[in-house]
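Reviewing the structure listed below.
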Amino acid sequence: MSRIETFLGVSVAASSRIDVTDPKNNADTAAEKPPAPVYELYSWRSKSPNARLVYIRNVHTANVEVARLAHGPLGFDMEWKPIYNKGQAENPVSLIQLANSDTILLIQISAMPRFPEGLKELLSDPRVVKAGVGIQGDCKKLFSDWGVPMRNCVDLSLLARTVDNERWKGRYVAPIGLARLCEAYEELTLAKGKATRSNWEQVLTEVQQQYAANDGHVGYWLYCKFAQMASAMNPVPRLVYYTFDYLDGRLCDPFIGVRWSPDNPYYDPGPPPPPPPPRPPKDKKKAVQREGERAVPRAVRFGDHPRASDVQVGRAPASPPSPRQVGRAFPSPPSPRQDRAGPSLQFRPPSRQPPRARGQSLGYREPPVFVPPGFGMKPQPTHPAANMHTHATPVLNTSSGGVGEHSGAPSGRGKPRRSRPRRPHRSDPS
């Protein structure tokens, strides 16, 4: 074999013995699955060679260029600086693209001290169509970041499903990417590279400018094509199927002002997708990892029974354990079967008794609640006179001047308390 044949590891004779009838080596089989078509890149210069690209970074120039735009539909798109750290807040809108057949404006509002008044009036003008893919989210973000409402917005994804229902099936609200629409109707590839995740707050490079210009211009070009298809339909689809306003932070119907949601009663989503294949049942048995190892049944797995070190090997003691031994392992009496190297341990379940306080006797159990001393006991007499029956002694009632009775309760020394009559005052007539 030659040097090249030796490097490839196969000889000419061996290669001639390859079976051409093998499906893997048959050219007819390869022709059954043609490769994906490769289209040329989309360029706004090829579609509108006389259009001019204007990159704007100050408010005055933005107002002047917006006023020069011709009346008619506009392709709309936005860009902002991506976030590179997880959990970081999203950056505000940096760039707004507006495009038609003769002008493409790249307005970098992040470089301006305020939002241009002329641009705000244009976006809120109901006579000017603003068309784009995913424009609902763009309207929400623009209002959240800059407080700018938008009117007469057209979602190109909904418009494509409305005018070309035979091509697009599935849910009506399912989004269709701008690059996919460009390949389907223009047979051109919309370049998506590193510029998508680039910094849109810095001075734009030539690559960033061309990327932003193509995104805005293809939106305008697709809207013109879809509008032509819609005008040829009978009946002509209503604008409310794909057009909306964004006012006061919500989607609104462009004609009556009520809340708007994408809906087309004449749209055919097609048959439902096939159900996913059933998942194979999970094997509940433990898989054998090594050869010759058998699976351990669930009933005898570790953790379901006491450990061997906690089980008593010898004979259990005849007397119940003392409070000191409850809840802890203690030596058991020797057994002829146990090892003489040391005493065996007996496992006792933990006691539910509360922990013993410092200085408390082991044989005393503190009551669960506080009971006053002597509560519920029969009082013992302290003097013999306490058992004597005392009669009531008349006393003078100082409050009303009458005579009252003494209860006769024994005093602290065991003698009945005697009441002394009140001495009459000198002023009394008696």
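Each residue, glycine too, has its Cβ placed from N, Cα and C.
Whatever TrEMBL says is automated annotation, not expert-curated.
So that you can see what the record holds, here are the features copied from TrEMBL:
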COMPBIAS  268-279  compositional bias 'Pro residues'
COMPBIAS  286-308  compositional bias 'Basic and acidic residues'
COMPBIAS  414-430  compositional bias 'Basic residues'
DOMAIN    53-231  domain '3'-5' exonuclease'
REGION    266-430  region 'Disordered'
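Within the chain, the compositional bias 'Pro residues' (268-279) has long-range Cβ neighbours (under 8 A, six or more residues past its boundaries) at 165, 169-172. Helix, strand and coil content of the compositional bias 'Pro residues' (268-279), in residues and according to DSSP, is 0 helix, 0 strand, 12 coil.
For the domain '3'-5' exonuclease' (53-231), the mean pLDDT of the prediction comes to 95.
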